[in-house]
Amino acid sequence: MNEPLDDATWHRLDRRMLVVQPVQELRRFLPLLVGAFLAGGTARGGGLGWELVAVAVPVLLGVARYLTTRYRIHDGRVELRRGLLQRTLRTAQLDRVRTVDLTSGPVHRILGLSTVRIGTGAGADQDLDLDSLGRDDAQRLRVALLDRAALEGAPLTDPGADPGAADGAAPPEPDRVVLRLDPSWARYAPLTSAGVLAAAALLGVATQVVPDSAWRLDRLPDLTPEGGGWVVLLGVGLVAAAVASAVLAVAGYLVAHWDLTLTRTPRQWRLVRGLLTTRETTVEDARLAGVVVREPLGLRLAGAAELGAVVTGLGGEQKGTLTLVPPAPAAVVAGVATEVLGSRSPAYAPLHGHGPAATRRRWLRALSPVLVLLVVAAAGVLLADVPALVLVPVALLLLPAAALARDRSRSLGHALVEGHVVARSGSLVRRREVLGVGHVIGWTVRDTWFQRRQGLVTLEATTAGGRQRVTVLDVPEGAGLDLASGSSPGLLAAFVRDGR
Amino acid sequence: MTTLRPPAHRVDPRARLMWQLGAATEVVVLVTALVVTSPVLDLYDLRWWMPALLATYAVGRVGLVPVWRYRVHRWEVTEHAAYTQTGWWARERRLAPISRIQTVDWDQGPLERVLGLANVTITTASAAGAIAIAGLDQATAESLVAELTVRADAAPGDAT
């Protein structure tokens with residue numbers, strides 16, 4: 001199993017993939033198949049030919065894919081050759097390999113197979129996909145790809161004098177488990193925005209599925225007479241939707257994150273998770289640009305948080321952010337963040353606030369829509385025949401708006417901590433973003449006419465991972481530029497003036 | 001207090017004319033659409049303030065904004081960094097190190113071709129980090145591209 005892969009010979013996909021491919025192709029052709037059988041069954045005879053074609057084509061496609069796909073590691077490159085009529089050869093330098101993703105769907109797992117996706121950071125369409133290899137072969141390929149990449153990028157030196165402190169000190173013992181998911185954390189799932197979304201989706205489905213007649217007044221005679229029945233019905237409906245969405249959120253959490261294990265290897269972080277489809281993502285230290293601590297309001301009130309890793313070159317549906325810790329107790333998140341960053345401070349040290357002008361902007365932005373609404377309502381009461389009672393609920397809206405403004409202005413903050421740019425903002429979805437200084441590419445300084453009058457700017461550190469930027473909202477210009485100069489001194493030196 | 005000084009160079013003065021022509025085209029299309037539709041569809045009574053509003057918009061769009069924009073737009077490329085300032089109401093200053101440049105693009109629309117102008121766009125590994133300089137003199141743009149390409153090539157690493 002440990003024979004070297006770098007021997008210039010071409011390797012094929014695993015033979016067992018011949019079984020997966022037809023099953024998957026069949027699934028893709030299922031609508032067509034059903035159509036073929038229905039047409040063949042209900043219409044006149046002679047449909048059998050089409051059914052055979054519909055079954056045979058996907059099977060042949062799978063065989064063709066098996067026969068024509070080959071890969072090898074040779075001369076510092078990984079090469080993938082495929083195609084029957086239109087042949088393609090895709091190559092990537094080993095030192096450009098950023099991430100290796102092993103995914104096994106249910107069918108793959110039964111057969112002991114894994115799909116390998118090699119990320120090069122040039123966009124998801126440039127990734128190298130191998131569907132599929134035997135589990136051992138896939139692991140061997142991962143080791144060959146990433147260990148070679150690590151060795152060639154930076155030759156191993158004395159482990160005692162490891163300079164990689166900025167991205168987490170490498171522990172001497174190999175493969176240490178940093179985090180293993182506790183299934184009881186699934187209780188936090190309904191508190192995330194995903195839980196709320198599930199509720200909305202469920203409500204949407206319910207209104208679509210339940211026939212229109214069920215909503216008609218005259219079909220509900222027992223409930224309507226006093227008018228109070230509707231309130232009961234509405235209440236029951238809302239409670240049912242809330243319970244169902246909570247159950248869905250918990251189930252979704254467990255399916256996605258079951259058995260989540262974060263492992264520290266000497267030069268990489270490895271994350272394995274999934275109940276039905278298992279995914280294994282390996283990220284090199286050099287590709288881990290920073291972390292994001294997300295605290296949606298619900299999680300924050302429950303003393304929980306979630307942690308994402310900002311990874312350069314992570315493609316596909318993960319969009320550059322890898323969920324290291326799904327919603328979990330804040331202490332767990334803090335522990336993992338400390339391990340990943342090599343220090344607790346970047347993710348938890350106190351931040352510099354953005355001052356009274358930024359606070360005023362938060363209040364103005366939160367209150368002005370409600371105030372406009374209030375003026376409109378007042379005009380309606382005075383000029384038209386709108387009952388004055390309308391003013392009460394509108395005025396009550398000021399309370400949540402004020403709470404939001406207060407929380408948003410308290411969230412604002414930034415700092416330069418131990419070689420990391422740190423920025424925090426938001427209330428309903430509060431995010432604290434931590435980005436290693438070495439991963440900051442450039443800076444964008446944005447200000448509107450209003451911001452200029454108050455001496456504020458919105459600062460962005462651009463980066464190749466995560467959301468492609470870390471935003472410092474409404475920071476006083478001087479403090480913002482100090483942050484930028486402090487983290488990229490060579491870049492800004494020629495353009496800043498210290499006009500003290 | 002630390003401040004950021006503006007970049008050294010203004011864009012070409014013809015850029016102002018280009019923005020004005022672009023805005024004028026937009027206003028002409030809008031007015032034509034209104035003039036054609038109002039008698040045909042009979043949607044609304046023409047009040048005195050409607051043409052006034054439109055005229056104000058046209059004057060602002062053609063007379064004011066391009067001039068404002070020209071006063072804001074500036075650029076500078078040094079040995080280590082590219083630095084631009086764009087916008088008008090909302091101003092945006094972008095800084096990127098030469099060592100992180102991935103591509104340098106040069107392009108020219110029809111209006112720019114007539115006026116002898118061109119745009120230069122510098123991209124980095126961050127999708128949020130592209131730097132665009134609009135309304136450069138054609139020759140300046142060409143030499144800037146050549147210069148940037150050489151400098152970016154000289155920088156080591158894969159620019160992420």
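Using N, Cα and C of the backbone, Cβ positions are placed for all residues, glycine too.
What TrEMBL records for A:49-67, A:188-210, A:230-256, A:363-382 is transmembrane segment. Annotation source TrEMBL lists domain 'YdbS-like PH' at A:66-142, A:418-478. TrEMBL lists A:154-170 with the feature compositional bias 'Low complexity'. For A:154-173, the entry in TrEMBL reads region 'Disordered'.
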Per-region confidence, the domain 'YdbS-like PH' (A:418-478) (mean pLDDT, whole number): 94
Beyond the flanks of the transmembrane segment (A:363-382) by 6 or more, those residues with Cβ under 8 Å of it: 388, 390-391, 394-395, 397-398, 401-402, 404-405, 408-409
DSSP helix/strand/coil residue counts for the domain 'YdbS-like PH' (A:418-478): 10 helix, 36 strand, 15 coil
Per-state residue totals over the domain 'YdbS-like PH' (A:66-142) - DSSP helix, strand, coil: 23 helix, 37 strand, 17 coil
